[in-house]
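Just below is one structure, and these are the notes that go with it.
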Amino acid sequence: MAYDVIVKGAKAVRKGGTERADIAVKDGKIALIGPGIDENAEQVVQADGMYVFPGAVDCHVHFNEPGREEWEGIETGSNMLAAGGCTSYFDMPLNCIPSTVTAENLLAKAEIAERKSAVDFALWGGLMPGYTEHIRPMAEAGAIGFKAFLSKSGTDEFQSADERTLLKGMKEIAACGKVLALHAESDALTRFLEAEYALQGKIDVRAYASSRPEEAECEAVQRAIEYARATGCALHFVHISTKRAVLSIQQAKKDGLDVTVETCPHYLLFSFEDFLKKGAAAKCAPPLRSEADKEELIGVLAEGLIDMVSSDHSPCHPSLKREDNMFLSWGGISGGQFTLLGMIQLAIDHGIPFEHVARWTAEAPAKRFGLTNKGRLEEGFDADFAIVRPEPFTVTKETMFSKHKQSLYEGHTFPYRIAATYSKGRCVYQDGGRKQSGAFGTFLKPSEIKEPIL
């Protein structure tokens, strides 16, 4: 058989471990994995000494289109992800205008992404007051799941879910067999603390971080878990930043609830000290935690208590990253390009096998959200993979692919670099630049088969 692509001599990072193997691609699928594949191919990639990881599945990005393309946009955002070894992403329903809270809005965004996205994509629908009747139509239109905020979202267009909206929405989402992703921070506690600091005239990094303490995350997580018991709704907790919240979620799993949890590289690689040094570029919600909190989070990740890692790429125009008032500064990290590299660094630093990195960044999100042909280097799966070279990579403005070159990661050096990224057998990134320009992404809709709890 003649193949389209053969990657030769690499170490393939697979579910059972890392093995030296060639990978043959035909018609966008992995056709064969094994040693010494000698058949002809249109393209032969010599990858001796390199690793091949499954293409990352980033279940949490904000590309802000339509309506706020000046913040990022689907074209620049998807090419940025490709430069980081990511071959599928789930775009969140907020920061765009209009918010993705109706089937009409969801399909309009999908049409834009089909024209602009370099890699495959899925779309979250939004759970927002006044829009619960749109949940089923969005599910039928292909929403990967639904997203709600338990505290203010940061944009006027996407309101946080009050208790009635949350409970009504959870019942409907459960009836549709979908998953609700939650930004879990207590609205009451964060608003109270923010007002207290405002009265004292405290608006700096320390005040902002103190206004969103561990207790705010843990209270919201526990309340959502109890609501899940009452409604039967499957939950996915996004960007969890503390060990205590992770342990609450694990207890819910032991109790039989259908819940999963993600964290983000910035909570694993950086700490509050970096927030003090970097300022607004490092502002996010929840905020970066203490060094001790970071080490505890790494510990529960290494123990297998966190299901997956996503970027929560949430950029903005640099003018919104205000240094004079941290409460008014945009809260979001521009970091989608660095998730896979960050997790490889973490694995090297802590002696964690690379197959765990593949699970966190690819297999687990694909499985959780019903993408049955994604997330693993297996015959018959989509030929989505990243070739990674063990050579240092320093983040500079010149090596960032996001629209705006402002990031917490600037100046950071990773031990490995992305040599190339393939989406369905097509090279969409090669070290130093885009390989094939154009929009090759397709709209991913979840399988009807409901996977078991991870």
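Cβ atoms are placed via backbone N, Cα and C, with glycine included.
Marked as Zn(2+) 1 binding site by Swiss-Prot: HIS60, HIS62, LYS147, ASP312. Under the heading N6-carboxylysine, Swiss-Prot lists LYS147. Annotated Zn(2+) 2 binding site per Swiss-Prot: LYS147, HIS183, HIS239, in sequence order.
Structural mapping of features recorded in Swiss-Prot.
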residue : record                : DSSP (3 states)
HIS60   : Zn(2+) 1 binding site : strand
LYS147  : Zn(2+) 1 binding site : strand
HIS183  : Zn(2+) 2 binding site : strand
HIS239  : Zn(2+) 2 binding site : coil
ASP312  : Zn(2+) 1 binding site : coil
Long-range Cβ environment of LYS147 (Zn(2+) 1 binding site), under 8 Å and at least 6 residues apart: MET92, PRO93, LEU94, TRP124, GLY125, GLY126, LEU127, LEU180, ALA181, LEU182, HIS183, VAL238
Cβ packing number for ASP312 (Zn(2+) 1 binding site), 10 Å threshold: 27
Intrachain C-beta neighbours of HIS62 (Zn(2+) 1 binding site), sequence separation six or more, cut-off 8 angstroms: GLU72, ASP91, MET92, LEU94, ASN95, ASP312, HIS313, SER314, PRO315, GLY332
Set of same-chain residues at least 6 away whose C-beta sits under 8 angstroms from HIS60 (Zn(2+) 1 binding site): PHE90, MET92, ALA181, VAL238, HIS239, GLU262, CYS264, SER310, SER311, ASP312, HIS313
Cβ within 8 Å of the mean position of the Cβ atoms of LYS147, HIS183, HIS239: remaining residues of the chain near Zn(2+) 2: HIS60, MET92, PHE149, ALA181, LEU182, ALA184, PHE237, VAL238, ASP312
CB contacts for HIS183 (Zn(2+) 2 binding site) [other CB atoms within 10 A, all chains]: 24
Cβ neighbour count (within 10 Å, all chains shown) around HIS239 (Zn(2+) 2 binding site): 25
